[in-house]
Amino acid sequence: MTSEKGKSQVKETNNDAKDENKCQLCSKLFKKPKLTPCYHTFCLECLENYVQKFSRVGHFKCPTCKGDITIPKGGVKTFQTNFYVDQIHNKTTPNKPQVPCDICGPYKPAETFCLDCDENICAACTASHMKMKITSDHLLAELAPYDNTAFLTRKSRAPLYCTYHSGEEITIVCKQCKHVLCKLCNTDDHRNHAVKGFFDEAGKAKLKLKTMVENSYIKTNLKSQKDYVEKIKSELVNLPKRMKKDIRKVEMHVKKLHAMLEAEKKNIEKQIRDEYFMKTSQMQNELVECQKKYDHNRSLLTGAKELLDSGDDQDYIHRGSSLYDSLAILNMEAPAADKKVIGGVRFEPANVTSEMIFALIGRIKDPFLEKVEQEEENEAGPQFQVRVARARVGVVHIFSKEVGTVMTTAVSGIAPMGNGRAWIASSGYPYIRLVDVNGTMLEIVNIGCNVDDLTKTNLGGCLVTCSGKKCIKYVNHQLEVSDFISHTFQHPHGIFSRVGLEGEEIVVSFSDFTSKGTPGYGNGYIDVFNAKGDLIKNTISRHQQPIRIDTDRPSGDYCVADLSAGTITVHEEDGKVKSLYGKQTFDTFTPYGICFDNQCGIIVVDQEQNRIIRLSRNGAFLQTLIEGNNMRGITSVAFDEDNYLWIGSEGMVHVYRLVVH
């Protein structure tokens, strides 16, 4: 009988085989299985339907791994047929007789098939197979006579037949096209190609693959990946509990703050009441005194009038002098109406800001970012201060203003110039405009050809890329326009200025099509020029369509938004890739404008979603910074030294202030 360990591994392997023998698109057994360049198999019809529905400009994403796949000439039907899967299904039958054990002979029925030894073996041989040290880690598939997914026979002995020429056996491998062929194929489309014998090439490939399969590091790495998968599963189980715990902590903390606020509220209310009671008593006493004084002075004035009307000389002698003295005192007093009556204290509400709220309630911490920060500090040592992105920041709207006269024209580039000013470029138009943070239009310059992107130079001028005309223009302090590079080999797009070892460096991204053209594949690159326009560093990094770039001046790193690939890459100063965003991170991600902020984050325009997101430089999505509900067609972003975030959309420029939580 098969050992318990053997049974467990056989069952697990067989279950995996059942899953692998089904198309992930239709969940049924494969029909005409086709193998993609990323080694995933799908039914031809399923794949054709999927590509027809989801392909985009000659590309589609693999349904399994989301990798980018170029549609070959002739369509997906020209993909390599998965002959192994095809053979399994051609031999599948519910009433096929039992397969004999290849070791014990025809009288012992095989129960398993060893994928490593390429043999059918019985129960006793399976048990021995699992006990022997040299074969204990082999993969075994269970043979079930009435299982439609079973009946594996020896792969190496099964002939393979051409899918294009019925009955013709595969005998040749085309080295140029990497396709397997029959003799008829070789006389047709592959007549002048280099070919090799099928079985010789298969033997070499098998030996090469076996060496890799037996590599101990791969097995160790695979086990490590499995352990990590288990960690993720465990974390997924614990996440809801931790979420509830954190939400409860927020609730308790806010309740505590509410209780403190309520207590302070009652204390202030008591102070106000006490002050008003005391003030009321004081004013009542003052009222009595003032009323008495008023009545007395009024009676004096009345007596004086009566004396003047009906008095005699004797009355003037006896009473006139005293009345005069009393009225003289009243005449010298300031008018009582000029005095202010202060009714009591006043409550002055505090100016509550978002920073105060965040300081009171707290903030969300990302353990991943904290771990990265600690690791980088350990690697860098105490002499280097590590800069790690804040998990969340906020924005405060300053103004939005129409740019130019055509509202449908996208603001394609923004170059902050300092002191709250920035040059604005509008796609498809030859003008750049200088505006300030109050929305005032300061200058307009005609470049002479349609502009794409622009950047500030170290001397305070402005460099402008003109993608359509394949040139780069320079605008000086006097607003005079001249050629920086009169003609470039490909279309220039993004541009920024940085300080190199030998002075100012101008970094430019190029591709073989304009921003509105049909995307190519792998033809974009980044070049570096000196301040005179001479090429000093050729192709420091390659991309598909590097539409925008920006630099982090403190570190020298630069980031690239690749429109066709749907990726953001962060590079060291010499072009070495540090991290990648997109593809696996987002289902639909079309980056355009990009810039670094002063909190070690990267701000990106996601055109597909019409929003602005924020990323860290270590591979983490931090937050959605702005949902573009009130902005149509967000295209560009820029961040300046005064903490202003400039945003360009269709016909509009918007300015926000970045707020650190």
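Glycine residues also receive a Cβ, built from the backbone N, Cα and C atoms like all the rest.
The annotation domain 'RING-type' is assigned in TrEMBL to 23-66. Summarising model confidence by region, the domain 'RING-type' (23-66) averages a pLDDT of 88.
According to TrEMBL, the feature domain 'B box-type' maps to 96-143 (among others).
Taken from TrEMBL, the feature domain 'B box-type' applies to 157-198 (among others).
According to DSSP, the domain 'B box-type' (96-143) comprises 9 helix, 16 strand, 23 coil.
Break the domain 'RING-type' (23-66) down by DSSP state and the numbers are 11 helix, 11 strand, 22 coil. Helix, strand and coil residue tallies for the domain 'B box-type' (157-198), in that order: 6 helix, 11 strand, 25 coil [DSSP].
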